[in-house]
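Q: Submitted below is the structure of interest, expressed as structure tokens.
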Amino acid sequence: MSHLEKQPIRVVVTGAAGQIAYSLLYIIAKGDVFGRDQPLILHLLDIPPMMEVLEGVVMEMADCALPLLHEVVPTADPVVAFHDVSAAFLVGAMPRKQGMERKDLLSANVKIFKVQGEALDKHARKDVKVLVVGNPANTNAIVCSKYAPSIPPENFTAMTRLDHNRARAQIAARANVPVACVSNVIIWGNHSSTQVPDASHAKVKINGNVVSASEAIKDEAWLKKQFIETVQKRGAAVIQARKMSSAMSAATAAADHMRSWFLGTDPDEFVSMGVVSDGSYGSPKGVVFSFPVTISNGKWKIVQDLKIDEFYLDMLTATGKELEEERAEAMAVIEA
Ligand SMILES: NC(=O)C1=CN([C@@H]2O[C@H](COP(=O)(O)OP(=O)(O)OC[C@H]3O[C@@H](n4cnc5c(N)ncnc54)[C@H](O)[C@@H]3O)[C@@H](O)[C@H]2O)C=CC1
Ligand SMILES: O=C([O-])CC(=O)C(=O)O
């Protein structure tokens, strides 16, 4: 079916005048997320003081002359922004500065996700797929879901795909292969410095053969120390260098996450996604925890029965505990 025949879907991006959105909007509008034959109506939400900047973004989008982009709706009104949307990229939130942890943003950001949860509940399609990017992403996602009770909790996810991509890139560089040759890394837990990057199930394609990361790299000490720390601290390293948080890579990861969700994962591939926990792998139930997932027909499924090396167990417990603490703090902020 050509894009002239398919009905457009409505997609909202919040924080649309910000850094991440500036890269993300183009990736979405040119068809890299929902398919090259899927027309789009893009809803762009930001706050009232950013409306002039947003107008400039809208001009640039028109000037890209993108065939799939049927309409752009810039707004500061959540009612307009969330009306009838099939997908929501919740990016709009304060970014951290040097020296902060992401959870230091909790008191500033968590209320945004209550308001947006309520707006999604009232105005979005009931099958809307929601990706929370704004930090602290896992906790914001659980807040958003709580305030949107008419939308299934599994439709609310948080972004750890950037950590996943960072992990693939580190393994690829160490094994001296192109990044496309590395798959099935896992990010467990929170999108924070307690996250657990785990390469023990990763696959690396070398000279046409698929081997484990351990076999490809032959340096267990590196995999259990520098690899983990580099991925855990990559966001802070980018802030240190750029004086602003990751934007191009964050936009790419957001697009990857939503594309996998809408279009599915490859056979034998899994990706990392923050999803509401059912207690798998000893994680606390009901927090948004990053797991390896496979996706087909728009539904994610946590990969089960992976053998977890004992080395990671305490770290898994710690990241789960942090998520429970963040959830309690978020509820206290909202109820205060
Ligand atoms: N989960 C992840 O892997 C990553 C998450 N992030 C997070 O993404 C968020 C956005 O980052 P940037 O785009 O760099 O920040 P930015 O400051 O450049 O843009 C944020 C935009 O959100 C808008 N905004 C604030 N409150 C809003 C509201 N209630 N409704 C709609 N828009 C609102 C602001 O006006 C601004 O235009 C930050 O919280 C950052 O920490 C960033 C990188 C990766
Ligand atoms: O580090 C930050 O604050 C931004 C972010 O989430 C990331 O780059 O992973």
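Just so it is clear, glycine is given a Cβ too, placed from its N, Cα and C backbone atoms.
Automated prediction, rather than curation, is the source of TrEMBL annotations.
The model shown is predicted, which means the values in this text are computed figures rather than measured ones.
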Q: The NAD(+) site in TrEMBL lists Asp46, Val133, Gly134, Asn135. Which one of Asn109, Asn165 belongs there according to the record?
A: Asn109
Q: Let's see if you can do this one: DSSP helix, strand and coil counts over the domain 'Lactate/malate dehydrogenase N-terminal' (10-156), in that order.
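A: Residue counts for the domain 'Lactate/malate dehydrogenase N-terminal' (10-156) by secondary structure: 67 helix, 27 strand, 53 coil.
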Q: In whole Å, how far does the CA atom of Arg166 (substrate binding site) lie from that of Asn109 (NAD(+) binding site)?
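A: That comes out at 25 Å between the alpha carbons.
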Q: For Arg166 (substrate binding site), list the number of other Cβ atoms lying within 10 Å of its Cβ atom.
A: 24
Q: Excluding near sequence neighbours, so keeping only residues 6 or more apart in the same chain, what lies with its CB under 8 A of His191 (active site, proton acceptor)?
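A: Within the chain, His191 (active site, proton acceptor) has Cβ neighbours under 8 Å at Arg102, Asn135, Pro136, Ala137, Asn138, Ala158, Met159, Thr160, Leu162, Asp163, Gly274, Ser290.
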Q: Rounded to the nearest angstrom, how far is the Cα of Arg96 (substrate binding site) from the Cα of Gly134 (NAD(+) binding site)?
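A: Given the Cα positions, Gly134 (NAD(+) binding site) is 10 Å from Arg96 (substrate binding site).
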